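As recorded in TrEMBL, the features of this protein are as follows:
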type: DOMAIN; residues: 95-485; note: domain 'SLC26A/SulP transporter'
type: DOMAIN; residues: 537-620; note: domain 'STAS'
type: TRANSMEM; residues: 81-108; note: transmembrane segment
type: TRANSMEM; residues: 114-139; note: transmembrane segment
type: TRANSMEM; residues: 168-191; note: transmembrane segment
type: TRANSMEM; residues: 247-266; note: transmembrane segment
type: TRANSMEM; residues: 286-309; note: transmembrane segment
type: TRANSMEM; residues: 350-370; note: transmembrane segment
type: TRANSMEM; residues: 429-448; note: transmembrane segment
type: TRANSMEM; residues: 454-473; note: transmembrane segment
type: TRANSMEM; residues: 485-516; note: transmembrane segment
Amino acid sequence: MRSHVSPDGSYINEGMNCSSLDITMPNGEPHGGLTGSNEFILSSSGQKISADSRMEEVNQWCQRKAKSACSRKMLLKRLPILRWLPCYNGIDAVGDLVAGITVGLTVIPQALAYSGIAGLPAAYGLYGSFVGCIVYIFLGSCKDVPMGPSAISALLTYQTARGNVHKAVLLSFLAGIIELLMGIFGLGFLVDFVSGPVSSGFTSAVSLIIVTSQIKDVLGISAKGTTFLEIWQSIFKDIHNIRAWDTVLGITCIAVLLIMRIVAGLKVGPHEDDLKSKKHRIINKFMWLIGTSRNAILVVVCGAIGYVFQSSASAPFKLIGDIPPGLPSFQVPSFTLNANQTSSGREESFAEIVSSLGSGLIVVPLISLMENIAICKAFSNGKPVDATQELIAIGVANVANSFAQGFPGTGALSRGAVFNASGVRTPLANIYTGALVILSLMFFTPYFSFIPKATLAAIIIAAVVFMVEVKVVKPMWRTKKSDLIPGLGTFIACLALPLEVGILLGVGLNVIFILYHAARPKINVERLTSPAGTEYLIITPDRCLIFPSVDYVRNLVTKHSIRQSLPVVIDCSHVYGADYTAATVIESITQDFAKRDQPLFFYNLKPSVCAVFEGLSPVDFIVYYREEDLDELMREKAYKPKQVLSA
């Protein structure tokens, strides 16, 4: 396909000979005098530069990148507060105030409850619920993200740090650093490798694990374990120690929360909002507020019950216990642990701590990003989501959280929905949420100690049970049944194995499916007649030719060409890429056809793919771009129709 290469490295792509574009120069020079070159590249100014000058071009590229990083456009992109703060007005302030206080009433009881999931004292959930909120105001790109602890991040913290406070705080610091580095290097695309079915399977499994982990507090018994099966085995071993009052309180709280959730969605008056009277709107708003604040209301009521009974000789409920009053001590996380701070009773260096955290250092940042992006997409109204900026925001927030003794956090979808329904206008709503948490730490922690553990367990169960994504199974079955396999595989793996192993197995299953589809392209085979009346076989693959698929394509081409004994045209209209393995197979195919004296042509092959195939200089490699050229090519090959072989 390639003519003689001149001393300067230029050559003419002969595949252009059959192009439908006629760009011959008046002096007869083909292709408009356009030639390719392997010896030169063009600079941004259009000047040819040699290989010796490429280092200078790299330096110029680095200077441009550094200049763009300091530009006003990049500053507005990386500090989103500069975009919306100059336009902030009174309406925004009222919306943010209402939303921030509403979410604050939700986050306080949830933070206390999520500490139990993480295996930490109750105060540490509150410690991680106010610093990240403030950081997100400056760096967050989504108004609906309430930064703080979530059920999934709490469970991952427990499985990674095993209930060690110092390791959990250090995990927040290290996870934040990793998230920040991922944002700086633009690695937000990694979350795209977790498909919808895998994400649904993971979320559903985590929900069941969290519900299972809280059943022990509802029953008032002790149970340990990190996986679904381990926790249930531990529950059955201690089931004989069940406490009746805790069980009654826990079940009652779950029922009350579910009823109040229904109340929040009820509407009185006409269906059309325009027809509702002022009285109807007030009643609907009041019902929504009561339903939304159900966690806070339940905590206050049950805390009062716990206070009344705590003075009795035998308290009927297990309480969460004393919570240190005041704000946490702001300090650098511990990078080494002494003998009193470890479960093994010996000192641990930083390297040993990192080794004990294991794959959680990667899984926690990725899952945190998944949760955050899910909120952004849910309420973005079709606008693009900047995953890189969200990585930077939650990374800095988690680093700051670690200095306030908090464990890793991210945006929680349930609180994000409350934010959105409350009419949040900007990320500044987070400051009111953070302020409520600070006030509760300074003035109300003595009263939190009277909250029954069964109440917090009920709050978690009533919230998390709706995260089981049963509703996606039916649409998935209708659209593509094979997607159920990675989803169901992830679900089962996460229940039976540690979460990080389960999610990796789910992603692995997805990759296997992707590779299978890459290795088995759809091949369309038709028997057509050329304008001159010559029959030929046209074979059309529907995707690129790369190493997993080329042998499959070769076998099909060989089988059909031998069976039909006709000229073969491979329609490459959909082949947008190829590799070295594909080039070797194409060379082999052309040799086989040449030995059988059977014409083989390639139709509409893209120049970039053609260059890959030409690299091995295959014999009789013929490309054409106009259908009417096929008869001429057959005449050049001196092809005469042969008797078709029987199948």
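Every residue gets a Cβ built from N, Cα and C, even glycine.
With a threshold of 8 Å between CB atoms, the same-chain residues lying at least 6 positions outside the transmembrane segment (247-266) that come near it are 217-220, 284, 287-288, 290-292, 294-295, 297-298, 302, 305, 317, 452, 454-455, 457-459, 461-462. Residues 95-97, 99-101, 103-105, 107-108, 111-112, 122-123, 126-127, 129-131, 133-134, 136-137, 140, 143, 146-148, 303, 307, 320, 323-328, 419 of the same chain lie 6 or more positions beyond the ends of the transmembrane segment (429-448) yet place their CB under 8 Å from a CB of it. Nonlocal intrachain contacts for the transmembrane segment (485-516), taken as residues 6+ away from its ends with a CB within less than 8 angstroms of a stretch CB, comprise 155-156, 159, 193-195, 197-198, 200-202, 204-206, 208-209, 226-229, 358-360, 362-363, 367, 472, 476, 548. For the domain 'SLC26A/SulP transporter' (95-485), the model's average pLDDT works out to 87.
A Cβ distance under 8 Å defines the sequence-distant neighbours of the transmembrane segment (81-108), meaning residues of its chain 6+ beyond its ends; these are 75, 126, 129, 137-139, 146, 148, 289, 292-293, 295-296, 299, 414-415, 418-419, 422-437, 440. The transmembrane segment (286-309) shares the most Cβ pairs under 8 Å with 454-473, out of the stretches 114-139, 168-191, 350-370, 454-473. With DSSP classes pooled into helix, strand and coil, the tally for the domain 'STAS' (537-620) is 39 helix, 15 strand, 30 coil. Within its own chain, the transmembrane segment (168-191) has Cβ neighbours under 8 Å at 118, 120, 124, 128, 157, 160-161, 333-335, 353-354, 357, 360-362, 364-366, 368-370, 373, 386-392, 394-403, 405-409, counting only residues six or more beyond its boundaries. Sequence-distant neighbours of the transmembrane segment (114-139) (same chain, 6+ residues past either end, Cβ-Cβ under 8 Å): 78-81, 107-108, 145-151, 154-155, 157-158, 161-163, 165, 168, 172, 210, 213-214, 217, 320-321, 323-324, 328, 389, 392-394, 396-398, 400-401, 403-409, 427-428, 430-431, 433-435, 437-438, 440-441, 445, 448, 453, 456-457, 460.
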